[in-house]
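Working notes for the structure below.
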Amino acid sequence: MPRFDPSNILGDPFALSTISISIIAWIISFIGSIIADVQTDFPNYAWWAVAYMICVIAGIIVVVGSDTTLIYSNAVVGYLSAGLAFTTLAVNSLVYQPQSSKQAAAAGFILLSMINIIWIFYFGSTPESSHRQAIDSLALNKVGNAYHNSRPASNAFGARPATTVSQPPQMYTSAQLNGFETSSPMSGYPGGPPGSDKRNTTATNFPPANVEPSNEVSQPTEYPYKAKAIYSYDANPDDANEISFTKGEELEVSDVSGRWWQARRANGETGIAPSNYLILL
């Protein structure tokens, strides 16, 4: 479980403002509901909306504070959608009442409904969407490396395609292919026609190679693009080609096609990085 860090909220203007407004709105609806329940009949359904929304707000605080929005965004949108239904129904049952306490509670539920709509639009959008990139960019210069200990799930946008990274062709010697030669007298093979004295001298036609085929990815020489990390990423320890980086870090990128980009850090470390964790500058 990623570590909860209050600076993830305090350094993000969008998260700080929406969470603060939601807490104020919940307090208004809660106090208004208490007064209305004491003075007159109060719909029990509204109490469920009050209890449900405090749980949703607490969940948002935990998700944003631990920098796991990419992991739990689908669940968050589902809970917010249900909360929007509850708050709007509570508004409908209170806003038309003559008691000022009920109207105050309705005002709190209206604010909660507005915040729910904003959150659904934010958490329901992909990190590549323009409005979300604009919102996230506001926090980059303030938070810095506060998200260093978090690691969103890299499998969220699918496995890395094998064709997205170029790799030099592997050359094999005849010694490495020993055992694959055919013993049948077939013409057209480099060893010559059947009966030729060069038939079994295939191994001498190729110079021996002392270097084993490498699985390392070829490194480009130019990095014309610059990108900034909108999330922290920890490289897979089983994949030597991936690199780790922290939120707000600037990387040099050689190719922006595909879901994995060849990137270089400021310390000279090179490797591949998931494109949905980066934003081009």
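Here, residue 1 is simply the first one shown, and the rest follow in order.
The backbone N, Cα and C atoms fix where each Cβ goes, glycine too.
Annotated in Swiss-Prot:
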- 1-14: topological domain 'Cytoplasmic' (TOPO_DOM)
- 36-44: topological domain 'Extracellular' (TOPO_DOM)
- 66-74: topological domain 'Cytoplasmic' (TOPO_DOM)
- 96-103: topological domain 'Extracellular' (TOPO_DOM)
- 125-281: topological domain 'Cytoplasmic' (TOPO_DOM)
- 201-219: compositional bias 'Polar residues' (COMPBIAS)
- 222-281: domain 'SH3' (DOMAIN)
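Using a Cβ-Cβ cut-off under 8 Å and counting only residues 6 or more beyond its ends in the same chain, the topological domain 'Extracellular' (36-44) has close neighbours at 90, 93-94, 99, 101-102, 104-105. Taken residue by residue, the domain 'SH3' (222-281) breaks down under DSSP into 3 helix, 25 strand, 32 coil. Counting residue by residue with DSSP, the topological domain 'Cytoplasmic' (66-74) contains 6 helix, 0 strand, 3 coil. Per DSSP, the topological domain 'Cytoplasmic' (1-14) is made up of 6 helix, 0 strand, 8 coil. Per DSSP, the topological domain 'Extracellular' (36-44) is made up of 5 helix, 0 strand, 4 coil.
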